[in-house]
Amino acid sequence: MSINATLIGQMIWFALFIWITMKYVWPPLQKAMADRQQLIADGLAAGERGKHDLELASKRSADTIREAKEKAAGIFAEAEKRGAQMVEEAKDTARAEAQKVYDAKLAELEQDTERARSALRDRVAELAVAGAEKILRREVNAAAHADMLSGLKQEL
Amino acid sequence: MASGETLNITQYIVHHLTNLKVGSGFWTWHLDTLIVSGALGLLVFGSMAVLASRATSGVPRGWQNFFEMVLSFVNQQVKDTYHGNHPLIAPLAITIFVWVFVMNAMDLIPVDFLPETAKAVAVNTVGADPHHVFLKVVATTDPNLTFAMSITVFLITIYMNFAVKGVGGFMHEIFTVPFGAKLAPVNLLFRVVEEVARPISLSLRLFGNMYAGEMVFILIALLGIWQLPLALPWALFHILIITLQAFVFMMLTIVYMSMASESH
């Protein structure tokens, strides 16, 4: 073992390799590692935020669903009430209509009855006159007894 | 021990522990140390640089995952120990850990594999003398390398002292800690001993561990058929030493940097 000029050569090699590491190896790798660390930290933070957002959103959606349900129930009750009301109205209308038809028919019937009755009365008067003619077997002056006959007709 | 018929045991061991040299005196260059450490460094740091340029902050895959794991581990050690924010410290620790680890890991390649391959190539291509083709593949068993690293760390420590505390603050600390201004020479002496002991212990620790580990591999390789049941357990145990030594060198460097950047 002897110390000689190799020492100088080795110092140059050593210095060269330190320089390479300092300039071309360590800074880029360190930067890559630091960037990755940042990336991972950001990703984790984003994940946490996403989870939080999801929680909020699910809470909001539950609220919305409950509100919608309430609203739907309200609408349903309203519709039911409205339906019942409409049925009731229809019933009333139908009843009124029926009453109207019934009244009209009744009036017509009464009119018919009246007409028949008056016709009948005429016939009875004629029959009575004819009967009286037959009973009396004599000419009765129709014109002279018209007043009496119409008064009779009124009494029938 | 492929060339056992031409080398005796001592020659075999010495051959394995000799560097491939050019030059003479101080200006001797250990070509194997320089080439192996440089090639490994260029390979790992080059691929890390390529990978880092394509690094994505999305889902990491394959090698990016692996390097991110290693770098975060080192960076965590830096953060736990060093409380300044000098941009040099983390890259320095990463460089030390990764580079020392891959150089140590060359120990796990069977001891004769690369030297014998190099010998065969050298003899067959340039007709070299097989006894003079040396290759020490574990660069951290060369004290030149470990001292080069620890001295560089030492110089950076001095720089950090000046950069963080300023000239006045650093001088004040050297002359007054730990005994106060009245014993300034003693303080200076303590400080010098402390500062000099650090790079020496740092480099000799790594060198000694790896040298001893390599030595055991060589001795196991001498056992003929008995190396088969022994090499594997030692290699498995050595994985621990390889990692631990890389970690210790990195950790102590961080501690020194931390001490240099904090006032007493």
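Placed from the backbone N, Cα and C atoms, the Cβ positions cover glycine too.
These features come from TrEMBL:
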- B:34-52: transmembrane segment (TRANSMEM)
- B:88-106: transmembrane segment (TRANSMEM)
- B:145-164: transmembrane segment (TRANSMEM)
- B:206-228: transmembrane segment (TRANSMEM)
- B:234-257: transmembrane segment (TRANSMEM)
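Listed by sequence, the residues of this chain that lie at least six past the ends of the transmembrane segment (B:145-164) yet keep a Cβ under 8 A from its Cβ atoms are 33, 37, 84, 86, 88, 92, 96, 100, 103, 139, 170, 173, 195, 198-200, 202-204, 206-207, 249, 253, 256-257, 260-262. Contact counts against the transmembrane segment (B:234-257), taken as Cβ pairs under 8 Å, peak for B:88-106 among the stretches B:34-52, B:88-106, B:206-228. Residues 63-64, 67, 95, 98-99, 102-103, 106, 137, 139, 145 of the same chain sit 6 or more residues outside the transmembrane segment (B:34-52) yet have a Cβ under 8 Å from a Cβ within it.
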